[in-house]
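The structure under discussion appears below in the form of structure tokens.
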Amino acid sequence: MADPAECTIKVMCRFRPLNGSEVMRGDKYVPKFQADDNVVVGGKPYMFDRVFQSNTTQEQVYNACAQKIVKDVLEGYNGTIFAYGQTSSGKTHTMEGNLHDPDGMGIIPRIVQDIFNYIYSMDENLEFHIKVSYFEIYLDKIRDLLDVSKTNLSVHEDKNRVPYVKGCTERFVCSPDEVMDTIDEGKSNRHVAVTNMNEHSSRSHSIFLINVKQENSQTEQKLSGKLFLVDLAGSEKVSKTGAEGALLDEAKNINKSLSALGNVISALAEGTTYVPYRDSKMTRILQDSLGGNCRTTIVICCSPSSFNEAETKTTLMFGQRAKTIKNTVCVNVELTAEQWKKKYEKEKEKNKTLKNTITWLENELNRWRNGESVPIEEQYDKEKANADVLALDNVMNNDKFTSSPSVPGLKLTDAEREKCEAELAKLYKQLDDKDDEINQQSQLAEKLKQQMLDQEELLASTRRDHDNLQAELTRLQMENEASKEEVKEVLQALEELAVNYDQKSQEVEDKTKEFESLSEELNQKSSVLASIDSELQKLKEMTNHQKKRVTEMMSSLLKDLAEIGIAIGSNDIKQHEGGGLIDEEFTVARLYISKMKSEVKTLVKRSKQLESTQAESNKKMDENEKELAACQLRISQVNAKNDMIKQLLCVCARVFFLSLLFIFHFLCTVLTNQKIMLEQERLKVEHEKLKNTDQEKSRKLHELTYDMQQTCRDLNSMREKFGLAKELQTLHNLRKLFVQDLATRVKKVSQL
């Protein structure tokens, strides 16, 4: 490093290679490298501490940019390394790279390894305490990447007016692996997104803070150093990145904070009295890194593409302005009790000398004002006065490098000083309390805001569901109207069917009665027919029996006649002898034959009667069969009508059931809609309550902010009232006036 007390910010420039999309687009390679410390873009040369070409490795970048800062931090200095450039220019690759690849890892993992390697090689009497913090600035709010519940942390100042993030998680680490695990955890919580220019575009500024404290067990000397490793989000042109919606809001905040950083760099480069550190939280945190007590290295990352030439020139101009800034650095050492005692004695002696000098000068001034002439030997020596003034300036300069011990004001008594210090401590405590309360209220407001967003999303989804249900209800109402018309038609048809059913039922009853009467008549006819059939069968049997008997009698008679004929014709003697017997027998035969003849006639007559009776019975049977067939036809018709009536009844019952089911569904839909409307009303009421609560919290937050600002103003007034630097400056001016007045008087006396 250049000077132990004053050094400029080192600016390194790195160009990445052309990416695939730029090569496909046919972009030209713009930069021209003439030496290791300059580059020409658009015909204009730009000078930096070091310029890295596109083929530079990660190790070469680290050795040139960050390796020396590790030793400085372990010696008690503060250090800062941050990458600046447009989006997709390689900032995250430079700072982080591939965290677990030995060749591809960036500055942060390499610096972690080097810190522990230096510690392992240092004196054994040194005891180190290393703690790390990791947070991001997203939408101008500080989010803790190691504790995602802390979403809006505040920036405070310590007793030495150095800004720090209050409430940020600090983890003690004792090995590189623990640090890398912490980085991996924080990186997983960081905001990234896909844009047209970068698939892994950082949407926030990330700051990795390494705080190293060391103590020498022999000398009891304590040193502390802080190292800020910053990966800034890239500036964006919306026309190139295609950001919209949430990405557009992120781009606006990124460009705003980078613009504030540019304003700070410009103000420091121009040497203006006012530097706008408070325009953004990022510049507020990096206040000590820009023009303060810190060794700072800026790596400006540029795109070599002609498509991004304008952005590249802007980045190079930023680097040139930053290169002119000077930081005043000193070792952060904590004095021991003995050193503080010696310092106190020394300052006490200086204070006594200054008081004596002031008393001497006041007496001399009073003598001159009273018109007395002061001899030369009694006059205060001008060279000695200049030496005292120079000593006073040295004291003031030393106060810049130490923790500014409180020297009592010349116009204050000890009691007043103690009172002022107590009041100042009280104001500091009130300020811390207010900051804590504001932080808690901010976190509560964020939670309430998140709850309100969730409720609004729920309300929006409920509204969408309500609209869908309303549309469905409208459709169901239309279907209901159509169904009502159909139900009316069905009911009319049912009434007609009921009337027809009554008529058909009456007809069925009549037909049933007729059928029963016909059935009874049929049964009677059937029984009569059965009796006639049985009687006819008996007659047939009797007829057959009579025929058989007549046939047998005729056969026997003919046989007898044949025998008689044979007897008569063959034996005349016997006939002659028994002439008297033959006549008798012939008479008997004739009688018998006549009797048989009469019986045969009777049988024939009886047979004819039976045949006529059988014909009549057959005729009646045919008529009965015809009537039976007609009755069966009527019965089948009646059964068909009954089946049709049953089907109609089933259809009617089905239609009635469907109408009941439709009415039930309609009632269920109405009840569901009523429940949805009630739930919507309840959600509206809860939303209003949450909104009112959020407004109340916002009001309280504004009041607390106002109180804090009032407290800060009171504190600043106290600082202005009791500021040692102002008193010393006044004394210095008074001395100058006195010396000038004395010189004027001496000149006048010499002229006289």
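For all residues, glycine too, the Cβ spot is worked out from N, Cα and C.
Under the heading domain 'Kinesin motor', TrEMBL lists 8-325.
The Cβ of Gly85 (ATP binding site) lies under 8 Å from the Cβ of Lys91, Leu232, Gly234, Ser235, Ile300, Cys301, Cys302, Ser303, Thr315, each of these being in the same chain and 6 or more residues away along the sequence. As annotated by TrEMBL, ATP binding site applies to Gly85, Gln86, Thr87, Ser88, Ser89, Gly90, Lys91, Thr92.
According to TrEMBL, the feature coiled coil maps to 330-364 (among others).
Annotation comment: TrEMBL describes 410-525 (among others) as coiled coil.
Taken from TrEMBL, the feature coiled coil applies to 593-641 (among others).
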Cβ atoms near Thr87 (ATP binding site) (within 10 Å, other residues, all chains):
25
Quick one: among the binding-site residues Gln86, Ser88, which has the most Cβ atoms sitting within 10 Å of its own Cβ?
Ser88
Could you tell me the mean pLDDT over the coiled coil (593-641), as a whole number?
78
Which number gives the other C-beta atoms within 10 angstroms of the C-beta of Thr92 (ATP binding site), all protein chains shown included?
24
Measure the Cβ-based neighbour count of Ser89 (ATP binding site), defined as the other Cβ atoms within 10 Å of its Cβ.
28
Which residue, out of the binding-site residues Gly90, Lys91, shows the minimum number of other Cβ atoms inside 10 Å of its Cβ in this structure?
Gly90
